[in-house]
Every structure is written in C-alpha cells, then in structure tokens.
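J.: So that we are looking at the same thing, I have put the structure below in structure tokens.
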Amino acid sequence: MIDCHCHLPSRYKCVLNLHENGTSDSFYRQLTSFGIHPWYCGDENLCQKQLQILEQLVKQNQIIAIGECGLDNKLTSNSVSTQKKWFLKQIELNQHYNLPVYIHCVNMVNEIIILKKKWINQHWIYHGFNSSYEVAKKLISMNCWLSFGRVVLNNNNIKINTSLKLAFENKRLLIETDNDETHFTDLQCVYSVIASRLNCSIDVLINEVHESLHQLQIL
Ligand SMILES: [Zn+2]
C-alpha cells in the first residue's frame with residue numbers, strides 16, 4: 001500500500017513532498033518530490049533559490065517528481081500572476097527532464113486545463129482531486145493522473161464516485177493522504193473506502209495504484 005502524496009514521513013511507502021531544501025535524513029531513503037507551492041511563492045529571492053535547488057535535485061536524479069506546484073485563488077493571498085510565474089518556471093524546467101508533476105489546483109481548473117494543452121506530453125498528477133466527472137474526463141484525456149485523498153471519506157460526497165471509476169478504468173488512479181503537520185488521515189482507511197466505492201478488493205486497488213506509479217516511472 002503506497003501513499004502517493006504526503007508531507008510527513010509515513011509508516012507506509014510514500015511519495016514524500018519535501019519543503020525547504022530537502023536535506024533531512026529521510027531524504028535519501030524515500031521517494032520524494034520537490035517544488036514551489038503556490039502558497040509559498042511570495043518571496044522572490046527564496047523562490048529563485050528554490051528553483052535552483054529544484055534544478056539541482058532533478059539533474060542529480062534525487063527526486064522522482066516535481067511539485068506540488070500549481071494555482072490557487074482561494075487559500076492564499078499570493079497573486080495568481082505571481083503563482084503562475086513560478087508554476088511556469090517549474091513546468092518549463094521540466095521540459096528537459098519530463099518528470100511527473102504534482103499539481104495543486106484550487107478554483108483554477110480551467111486555467112490548468114488551458115496550460116496543460118501547451119505541455120500535453122508532460123505527466124501531471126492532479127492531487128486531491130475533488131472536481132466534476134467532466135473535469136476528470138478532460139484531464140485524463142490530456143495525459144493527467146488523478147490522485148484521490150480524504151474527500152472520499154465524506155459519505156455525502158457521492159459525485160466523486162464517477163470520477164473515481166473513470167480514473168480506475170483508465171488506469172489513471174492514485175491514492176494519497178496529503179498528511180502534514182495540521183492533519184492526519186489513515187492511508188488504509190482511504191484505500192478501504194475507495195475499494196468499497198469501486199466495488200473491488202483492496203488488493204486490486206493496490207495493484208492499480210502500483211500500475212499507475214510504474215507508468216509514471218515513480219516505481
Ligand atoms: Zn500536499
């Protein structure tokens with residue numbers, strides 16, 4: 001069972017999103033991603049430094065994905081234009097390396113879809129997916145993977161089932177906790193709820209997620 005995106009080390013195998021400069025002890029022992037998050041792109045000098053670190057990590061094969069990065073016009077006061085500037089720098093850098101990219105997107109899905117068209121060959125992972133079936137369909141048709149997390153634990157969220165099914169059938173499904181200092185979700189619980197929503201066994205689900213991670217060359 002793998003946690004496809006989290007911010008804290010896990011007792012499960014995981015893709016750990018690094019902050020700062022990624023030099024913690026756990027760094028070399030885990031699958032890791034690194035990027036400039038739209039919430040933390042307000043300091044020009046710091047971002048410039050982080051971009052250099054990112055390039056170094058990518059060149060030295062020390063991360064398996066870029067991100068999370070993206071656009072958010074709800075949960076941060078950083079302007080969308082500043083967010084977009086740093087997002088694009090990371091995407092442009094990735095043109096030479098073609099690593100998977102973890103996308104953080106809040107209230108900006110149309111913009112992400114427009115940008116994705118320009119970088120159709122890149123493998124983007126839309127993390128914390130909680131959008132409509134139509135958006136899921138569009139993203140999957142554009143070479144995106146969908147990563148589902150704690151929103152599935154809300155029993156009232158029935159509409160997510162069609163997107164889950166679509167991602168599953170198209171082998172574009174990932175599962176994550178997004179665990180950080182502010183909240184904890186049990187990974188096994190997320191797998192178990194998704195298995196029940198898809199009417200399949202947890203073992204089948206584990207295989208599907210492995211298959212997605214293989215396709216993305218993360219495993
Ligand atoms: Zn995250």
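For all residues, glycine too, the Cβ spot is worked out from N, Cα and C.
Curation does not apply to TrEMBL; its annotations are automatic.
Annotations for this protein, taken from TrEMBL, read as follows:
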type	residues	note
BINDING	GLU68, ASP178	divalent metal cation 1 binding site
BINDING	HIS104, HIS127	divalent metal cation 2 binding site
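Would you situate these features in the structure and describe their surroundings?
T.: In this structure, ASP178 (divalent metal cation 1 binding site) belongs to neither helix nor strand by DSSP; it is coil.
For HIS127 (divalent metal cation 2 binding site), the same-chain residues lying six or more positions away in sequence with a CB closer than 8 A to its CB are CYS4, HIS5, GLY67, GLU68, TYR102, ILE103, HIS104, SER147, GLY149, LEU174, GLU176, ASP178. Taken residue by residue with DSSP, HIS127 (divalent metal cation 2 binding site) is part of neither helix nor strand, so it is coil.
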